[in-house]
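Reviewing the structure listed below.
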Amino acid sequence: MPALANLNIVPFISVENMMDLAVSTGIENFLVQLAGYIEEDFRRWESFDKIPRIASHSRDGVIELMPTSDGTLYGFKYVNGHPKNTKSGRQTVTAFGVLSDVDSGYPLLLSEMTILTALRTAATSAIAAKYLARKDSRTMALIGNGAQSEFQALAFKALIGVDRIRLYDIDPEATARCSRNLQRFGFQIEACTSAEQAVEGADIITTATADKHNATILSDNMIGPGVHINGVGGDCPGKTEMHRDILLRSDIFVEFPPQTRIEGEIQQLAPDHPVTELWRVMTGQDVGRKSDKQITLFDSVGFAIEDFSALRYVRDRVEGSSHSSPLDLLADPDEPRDLFGMLLRRQAFRRLGG
């Protein structure tokens, strides 16, 4: 059997590669295309292996692994969440991911996922709103103006036509930065001085805060009939963004209940509180929005299938392009069983001055 060529090489997508791919595609186009992959995979939800992400919690944050497989491809993401990182000039969230071939176990792709996670989170939020928000929704309150905020705004614009954004953050500089970054994209933007002001007249409310504690970003009196709430900040036990009474008034939609009950807003509720899985709405097995008066809540914590979709999308996009580089990642001896022989040959090569 002839030897297969370049088995040691895995395509690697660096941060620079990912940025170039996004801007050359157009950020809004990228979000729309990525959303298509996510929705396609949600519609075949039952074909995936699914487990809650594997988390290692510490005093200051969490490190997680998020694996899944559809039987043909296997993907996982390494991701952290450390809210205090910004004080030392670091990102709150960083990530990378791998997509592999199930038959051989060989990696097909290694990619940065800090930027890609922000894109896939925003795309998933906007997909949910497509099914759960009122069809005439054009105004969104965006509470928490950190690293995720601009991505959320652009995804909602690209997928459902939101063009008015009401911003609020406890840090006015974050709001000012977000406003500057979004001005070129055609939004009508209002910087608000409180969360209460931000939600006035909003059709959709997105919360995307980072603090790792039980907070009340939204209180019950702030939520009127017909609103869709996009709760993005939940990602670990003990971290919530809204008052429990809001949950009791809302129809709640989730990605994967076993994970959301641990990490999402619904950790405040009884373990058997009824929720609807988003994939069932997409496939017509359950109903999303039933009336213009209904309050809907997407309790988003992020799930591995979204990362799988993102890696699959990027793999397809970079194939044959300049948006990746070859990475010598896998040992590839001439004889598969002679791994030690590789070391001996390398030793001999170095002795000869190579």
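From the backbone N, Cα and C atoms, a Cβ is placed for every residue, glycine too.
Together with Thr92, Arg120, Ala147, Gln148, Asp169, Val232, Gly233, Gly234, Asp235, Lys239, Ser300, Swiss-Prot lists one candidate of Thr72, Thr209, Thr260, Thr283 for binding NAD(+), that being Thr209. L-ornithine binds Arg53, Lys77, Arg120, Asp235 as Swiss-Prot records it, and from the list Val301, Val314, Val318 the residue named for this site is Val301. Listed in sequence order, Leu65, Met66, Ala95, Phe96, Gly97, Met113, Thr117, Ala304, Asp307 are the same-chain residues six or more apart from Lys77 (L-ornithine binding site) with CB atoms under 8 A from its CB.
In this structure, the binding-site residues under consideration are Ala147, Val232, Val301, and the one with the smallest number of other Cβ atoms within 10 Å of its Cβ is Ala147. Spacing of Arg53 (L-ornithine binding site) relative to Thr92 (NAD(+) binding site) is 18 Å (Cα to Cα, whole number).
For Asp235 (active site, proton donor/acceptor), the same-chain residues lying six or more positions away in sequence with a CB closer than 8 A to its CB are Val62, Gly81, Glu263, Val301, Gly302. Each of the binding-site residues Arg53, Arg120, Lys239 was scored by the number of other CB atoms within 10 Å of its CB, and the largest score is that of Arg120. In sequence order, Glu64, Met66, Val79, Thr117, Thr121, Gly302, Phe303, Ala304, Glu306, Asp307 are the same-chain residues whose CB sits within 8 A of the CB centroid of Arg53, Lys77, Arg120, Asp235, Val301, the residues recorded for L-ornithine being left out. The Cβ neighbour count for Asp169 (NAD(+) binding site), using a 10 Å radius over every protein chain in view, is 23.
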